[in-house]
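*Asks:* One structure, pasted below without further comment.
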Amino acid sequence: MKKAEMGRFSISPDEDSSSYSSNSDFNYSYPTKQAALKSHYADVDPENQNFLLESNLGKKKYETEFHPGTTSFGMSVFNLSNAIVGSGILGLSYAMANTGIALFIILLTFVSIFSLYSVHLLLKTANEGGSLLYEQLGYKAFGLVGKLAASGSITMQNIGAMSSYLFIVKYELPLVIQALTNIEDKTGLWYLNGNYLVLLVSLVVILPLSLFRNLGYLGYTSGLSLLCMVFFLIVVICKKFQVPCPVEAALIINETINTTLTQPTALVPALSHNVTENDSCRPHYFIFNSQTVYAVPILIFSFVCHPAVLPIYEELKDRSRRRMMNVSKISFFAMFLMYLLAALFGYLTFYEHVESELLHTYSSILGTDILLLIVRLAVLMAVTLTVPVVIFPIRSSVTHLLCASKDFSWWRHSLITVSILAFTNLLVIFVPTIRDIFGFIGASAASMLIFILPSAFYIKLVKKEPMKSVQKIGALFFLLSGVLVMTGSMALIVLDWVHNAPGGGH
């Protein structure tokens, strides 16, 4: 349900052709026709952000003549909004429940502003560096190390996005089947076991779609994802006024104990005191606990869209950096409001009882609810069809790294696809909660893509500004902030894992 696949996009027509005198750095060349690119912009899936276009292997050099963009301002806003929003929205209420309303709004504001600033750095670097490819900017800045850092970060982000989608299948599909079959006792039924269902969906639906050599109609699923999330937000707001408070804590705790699909540690504080009107239904504005550390990575994970910015920029009609920044400002502000409303109303519905995946929390209280069942079906369809879109760039990166000089082979193509899907399924089965995926990927790959790489590329490639300039000093502080956020978040998350491991909290 999100972020398109990483990018070997067609090169911007106004690039310096001398920068591409050799094609030895890449084994793929990319189509520069507007029609080829435009037809794939619905493919930008928000949680991954790197859409790989089909390559033209016979081409020796990038096209350098000017090709004006053809995508309108409004459609560019939609494309970028679609690249931002994704499964991360399901974890925002959990983040608010562990930070408090005021602290969450402060963090959300800072992360959105920093993400927008990194888009500014990225656009300026692309203009000065003469490339609209994220990996190529890395190569121009730091050689092979920079290229691998960009490619690795985007691949990790894609794997995290894919895992989060399969986690949603693991969480929600058993509830849908249980609601449709009216089964009360699901003990021992394999078709109500989330792990079995993830494997089944992967084999029957995702694998066949992932074996295609091109995306075709799958590219349009990201648009469906955005619509599903808007529908989800409307339902979250409506349900706030239907779910009674205080929430029946015993019911939630029983549901948590009886299922492996919830986050046990999220409910521990609720066990230590009686649930009363003043206690359970009072919002908190500042909260600090062991789960607060996940808030920033979840927010960072939710705002990653940066590898999608460059191809959207290339296709923008009347293209200019100022115009693209206006597109970015509108998109980020719209997603800021959407994230804030989803987190706020989700939190004000369940307070400290919010689980790490908000949609699953409703089943503990409302059981079989028709409206929620429709939301679940829509979200399940969107994420299931989006996973094959996410697999494309990962497979292409692996192929490019290991077998760049070899001709296409269906056996190799299939083996890499199966391996990627198998690895992701293992993560989903053995990683206890979606919160861990949001936290780890948000703290590592997403921090690289938002903070570290854009600022490092800017410092290295924008030559006309001296290091003592305000712009370069700002980029340097941004880089150091990213390193601090990444190392600090990762350290605290690992400490939380170690601390909770003996008690089975993870």
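Any Cβ shown, glycine's included, is placed from N, Cα and C.
The annotation region 'Disordered' is assigned in Swiss-Prot to 1-23. Residues annotated as region 'Regulates protein turnover upon amino acid deprivation' in Swiss-Prot, with similarity to another entry given as evidence: 1-96. Annotation source Swiss-Prot lists topological domain 'Cytoplasmic' at 1-76, 124-158, 210-217, 314-329, 393-413, 458-472. Among the features that Swiss-Prot reports, phosphoserine is placed at S10, S12, S21, S22, S55. Here Swiss-Prot flags 77-96, 103-123, 159-177, 189-209, 218-238, 293-313, 330-350, 372-392, 414-434, 437-457, 473-495 as transmembrane segment. Annotation comment: Swiss-Prot describes 97-102, 178-188, 239-292, 351-371, 496-506 as topological domain 'Extracellular'. Summarising the annotation, Swiss-Prot assigns disulfide bond to C245-C281. Under the heading N-linked glycosylation site, Swiss-Prot lists N258, N274, citing sequence analysis as support.
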*Asks:* Could you pull out which residues elsewhere in the chain have a CB under 8 Å from any CB of the transmembrane segment (189-209), counting only those six or more residues past its ends?
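*Replies:* Counting only partners 6 or more residues beyond its ends, the transmembrane segment (189-209) has Cβ contacts under 8 Å with 166, 169-171, 173-174, 177-178, 183, 218, 260-261, 384-385, 387-388, 391, 417-418, 421, 425, 428-429.
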*Asks:* What does the DSSP secondary structure composition of the topological domain 'Cytoplasmic' (393-413) look like, as residue counts for helix, strand and coil?
*Replies:* 14 helix, 0 strand, 7 coil
*Asks:* Output the single range from 77-96, 159-177, 372-392, 414-434, 437-457 maximising the number of Cβ pairs under 8 Å to the transmembrane segment (103-123).
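*Replies:* So the stretch in question is 437-457.
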*Asks:* Are there residues at least six beyond either end of the topological domain 'Extracellular' (97-102) with Cβ under 8 Å to its Cβ atoms? List them, or say none.
*Replies:* 266, 283-289, 291-292, 294-295, 344, 347, 350-352, 354
*Asks:* Let me know how many other Cβ atoms fall within 10 Å of the Cβ of C245 (disulfide bond).
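*Replies:* Result for C245 (disulfide bond): 14 neighbouring Cβ atoms inside 10 Å.
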*Asks:* If you run the three-state DSSP split on C281 (disulfide bond), which class comes out?
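*Replies:* For C281 (disulfide bond) - judged by DSSP and reduced to three states - the answer is coil.
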*Asks:* What stretch in 159-177, 293-313, 330-350 has the biggest tally of Cβ pairs under 8 Å against the transmembrane segment (437-457)?
*Replies:* 293-313
